[in-house]
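Attaching a single structure in structure tokens format; questions to follow.
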Amino acid sequence: MLIWLVELANHVQFFNLFRYITFRTGAAMFTAALIVFLFGPKIIASLKVRQGKGQPIRADGPQTHFKKSGTPTMGGLMILAGIVGSSLLWADLSNVYVVATLLVTLGFGAIGFYDDYLKVTKQSDKGFSGKARLAIEFLIAGIAVFFMMEAAKISAPQGPHLATSIAFPFFKDALLNVGYFFIVFGGFVIVSAGNAVNLTDGLDGLAIVPVMIASAAFGLIAYLAGNAVFSGYLQINFVPGTGELAVILGSVIGAGLGFLWFNAPPAAIFMGDTGSLALGGLIGTVAVATKHEIVMVIIGGLFVMETLSVIIQVFWYKRTKKRVFLMAPIHHHFEKKGWTESQVVIRFWIIAVGLAMLGLATLKLR
């Protein structure tokens with residue numbers, strides 16, 4: 001919204017700063033953190049009163065988790081307030097990619113909120129029906145992908161070909177044109193990202209820091225992909241307008257820092273599905289917009305690892321009635337093996353940093 005003040009730059013030189021994505025990204029980060037810091041305590045107090053017993057703890061989980069009983073969930077509301085409030089101020093709201101990303105973020109956040117509500121009111125880890133939840137997620141993601149695809153057809157130098165193509169890292173101009181099937185592919189990427197982050201959110205601080213790391217990496221990718229000079233130099237696909245997504249990702253980092261203040265162990269609040277689904281969907285949407293869906297598998301490798309551990313566990317148990325892991329997702333497996341919660345969390349953070357650096361390295365490998 002404040003980008004419109006650029007029109008006054010001829011009269012007030014300071015407003016010229018609003019032209020620059022880098023300035024607005026930094027401002028969005030600061031604003032989002034400030035929003036969470038200011039309103040966080042009130043939101044936590046309100047949720048604690050309304051929820052009573054807080055988020056239900058899995059009976060088959062590690063024994064150390066039972067002391068967390070009574071901790072409120074739905075902390076994602078704080079994160080969403082920071083992201084949306086900051087983005088409305090600093091991002092270009094006429095940008096299709098910005099609107100699509102906020103649509104997915106709010107849509108997935110609403111699904112997560114309803115899921116959290118059911119879990120809290122029923123005091124059960126069973127929330128929203130899995131099939132219904134996935135169907136709504138795919139609908140929201142599909143709408144977002146369609147509009148981003150149509151925007152790319154008009155603005156991208158390669159036009160319709162790039163808009164409906166899957167890009168591959170390591171190879172220059174390696175594109176697989178799948179036509180309108182790209183809506184299905186893009187929707188799958190976004191939904192998978194949302195649920196992968198959701199599965200990772202099982203320990204204090206475990207999900208939010210890797211989300212911030214991935215956001216920083218994709219913030220750089222968005223800025224480069226939206227810049228004709230930088231994308232040309234790196235030989236990555238130029239998608240005009242995607243640079244504006246760096247502003248939203250800046251707000252994610254700011255909101256994440258604010259949330260971590262309250263989520264640091266012992267957590268005063270959990271983000272719940274409200275936050276994890278929204279954040280994962282947001283990152284997935286940026287990956288689709290910038291044509292870095294496959295690179296997301298590397299940068300978000302920690303989330304992929306968590307998801308695969310669940311898939312393997314369920315598949316193998318159905319076939320053999322035996323478990324590959326002591327408990328899934330895999331962070332619980334390491335807890336069962338004797339790692340402390342802080343050991344699991346910090347070591348997983350280190351993995352997330354390494355994977356983000358590896359993912360960014362692919363930008364230069366052509």
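Quick reminder: no glycine exception, Cβ is built from N, Cα and C everywhere.
According to Swiss-Prot, the protein carries these features:
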type     : residues : note
TRANSMEM : 27-47    : transmembrane segment
TRANSMEM : 71-91    : transmembrane segment
TRANSMEM : 93-113   : transmembrane segment
TRANSMEM : 134-154  : transmembrane segment
TRANSMEM : 174-194  : transmembrane segment
TRANSMEM : 205-225  : transmembrane segment
TRANSMEM : 245-265  : transmembrane segment
TRANSMEM : 268-288  : transmembrane segment
TRANSMEM : 294-314  : transmembrane segment
TRANSMEM : 343-363  : transmembrane segment
How about the transmembrane segment (174-194) with the transmembrane segment (71-91) - do they touch, taking at least 3 C-beta pairs under 8 Å (6 or more apart in sequence) as contact?
no
Hey, which of 71-91, 134-154, 294-314 has the most Cβ-Cβ pairs under 8 Å against the transmembrane segment (245-265)?
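The stretch I would name here is 71-91.
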Does the chain bring the transmembrane segment (294-314) near the transmembrane segment (205-225), so that three or more CB pairs sit under 8 Å (pairs 6 or more apart in sequence)?
yes
Applying the under-8 angstroms CB criterion, which one of 27-47, 93-113, 134-154, 205-225, 268-288 scores highest with the transmembrane segment (343-363)?
205-225
Using Cβ atoms and a strict cutoff of less than 8 Å, what residues sit near the transmembrane segment (268-288) while being 6 or more residues removed from its termini?
43-44, 47, 55, 71-80, 83, 100-101, 104-109, 111-113, 115-116, 127, 137, 140-141, 144-145, 148, 186, 189-198, 200-201, 207-208, 211, 214-215, 218, 221-222, 242, 245, 248-249, 252, 259, 262, 295-296, 300, 303
